[in-house]
Amino acid sequence: MQASELIARFEKFAPLKLKWEHDPTGLQIGDPHQDIHKVLVTLDVRPEVVQEAITIGADMIFVHHPVMFRPANNLDYQDPQKAMYAELAAHHILVYAAHTNLDCAEGGMNDWLAAALDLQNVQGLVPGYRAQAVKLTLTVPTNQVETVQEYLTNTVGATLDRYAVNSGEQFSVDLLADQIPTAVAGINDLAADTWDYQVVPLLSGGHQYYMGRVGDLPTPLSAQAFAEQCKQVFGVSGLRLVSADPRQRITRVAVLGGDGGKFYPQALQAGAQAYVTGDVYYHTGHDMLAAGLTVIDPGHHIESICKSQLTKLFDQWRVQAGWPIEIVASQLNTDPFTFI
């Protein structure tokens with residue numbers, strides 16, 4: 001099968017429209033029409049990960065962190081990073097990065113982290129992409145009414161308002177703007193050039209996507225005990241704790257994978273007493289402390305949860321679609337930090 005088939009299925013789960021501005025998400029290296037047989041799933045693409053891919057015979061690397069986050073100004077192979085690009089090209093290994101779109105996807109990165117922490121009543125934390133609500137009104141010939149109505153009901157799962165007009169019958173249904181291309185293409189297949197439609201934006205409704213999650217602990221814990229729990233959950237030997245009082249009672253927790261220090265005001269606004277994120281800066285730590293927010297920084301590498309979760313997800317799709325490929329999670333730890 002071609003890499004484009006896996007990419008297309010993934011982008012239904014985590015559409016590129018969810019990515020944050022200037023984020024180099026998507027195809028990074030290679031031809032999406034390349035045939036693939038084995039996919040290596042990893043958090044980072046490092047020289048050792050490329051060697052792992054070569055060793056196991058992978059022809060695609062599916063990664064969370066973009067391998068080309070900053071543009072290269074030359075291809076001097078004395079630089080290990082640039083030599084790595086040459087290795088990927090020489091072995092025809094395609095690289096696809098799912099970064100902030102995976103962070104914002106429902107059922108994606110931050111839902112995995114929230115589930116790992118056993119958070120209950122989970123909600124979104126930082127607003128991202130918002131899907132516009134629209135009203136689709138279409139006029140269909142009488143002899144096509146039942147077919148089109150059945151298609152729309154099955155496709156969008158919504159109740160249709162139906163009424164007769166001189167030229168046939170009209171339907172109206174509230175949709176997300178993102179659903180319009182699929183709906184229109186399907187109706188075109190059914191009714192060809194015999195129908196007409198109008199799309200009107202709605203002021204209310206729509207669907208909001210979020211970066212990060214916030215939820216309740218099943219049992220209140222002290223800040224110290226919750227930090228210890230985070231060590232166990234994420235399998236780290238050490239972490240950084242920002243807390244004015246390690247005995248503080250924690251009932252509500254926000255979590256945002258990666259570098260999320262700048263979003264601590266949203267954690268406070270959401271009523272969280274504790275915030276789990278990575279890469280917290282020194283002066284931001286002071287601000288968090290002054291605000292009375294307990295912050296647990298177990299590192300950026302906790303996002304490696306994506307390796308097992310994406311492998312499981314891709315395997316489900318592989319079985320459903322009958323894809324002749326193998327999905328393998330990288331066995332390498334790419335965390336550059338060690339606690340001593």
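Each Cβ is built from the backbone N, Cα and C atoms, and glycine gets one as well.
A TrEMBL annotation is a machine prediction, not a hand-curated record.
Here the structure is a predicted model, which means the values were calculated and not measured.
Within 10 Å of the Cβ of H64 (divalent metal cation 2 binding site) there are 25 other Cβ atoms, across all protein chains. Residues or ranges marked as divalent metal cation 2 binding site in TrEMBL: H64.
TrEMBL lists H65, D103, H300, E303 with the feature divalent metal cation 1 binding site. Counting only residues at least six positions away in the same chain, the Cβ atoms of G257, G258, D259, G278, D279, D335 sit under 8 Å from the Cβ of H300 (divalent metal cation 1 binding site).
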Cβ-centroid neighbours of divalent metal cation 1 site H65, D103, H300, E303, 8 Å, sequence order: L43, H64, H99, M109, G257, G258, D259, G278, C306
Three-state secondary structure, H64 (divalent metal cation 2 binding site) (per DSSP): coil
Count of other CB atoms lying within 10 Å of the CB belonging to E303 (divalent metal cation 1 binding site): 22
Residue pair H64 (divalent metal cation 2 binding site), D103 (divalent metal cation 1 binding site) - Cα distance, angstrom, rounded: 9
Other CB atoms within 10 A, centred on D103 (divalent metal cation 1 binding site): 30
